[in-house]
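A.B. asks: Can you keep this structure in mind? I'll have questions shortly.
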Amino acid sequence: CHHVTGECSCPPGWTGHDCKHPCSGGRWGRGCANACACDGGDGGCDPATGTCSCQPGFTGQHCQ
């Protein structure tokens, strides 16, 4: 928490007043500010790193 305001500074992939909520589907990073860049299969991505989670039948960095 910030030493003056008391506001939580959530680690990448987490959000909310108390940082207990993972980023919603399709979002990742600090403040959930980044959009997942995953293509085919729509497996989503890791909320902290943005690494794509490919559905069966899809491979590659962006599940292309």
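A Cβ is built for glycine as well, from the same backbone N, Cα and C atoms used for every other residue.
What TrEMBL says about a protein is an automatic prediction, not a curated fact.
Per TrEMBL, the features are:
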DISULFID  C10-C19  disulfide bond
DISULFID  C54-C63  disulfide bond
DOMAIN    1-20  domain 'EGF-like'
DOMAIN    36-64  domain 'Laminin EGF-like'
A.B. asks: Pop the mean pLDDT for the domain 'EGF-like' (1-20) in here, whole number is fine.
C.D. replies: 83
A.B. asks: Between the disulfide-bonded residues C10, C19, C54, C63, where is the Cβ count within 10 Å the lowest?
C.D. replies: C19
A.B. asks: In Å, rounded, how far does the Cα of C63 (disulfide bond) sit from the Cα of C19 (disulfide bond)?
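C.D. replies: Each residue's Cα considered, C63 (disulfide bond) and C19 (disulfide bond) end up 29 Å apart.
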A.B. asks: Do you know the DSSP helix, strand and coil residue counts for the domain 'EGF-like' (1-20)?
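C.D. replies: Helix/strand/coil tally for the domain 'EGF-like' (1-20): 0 helix, 2 strand, 18 coil.
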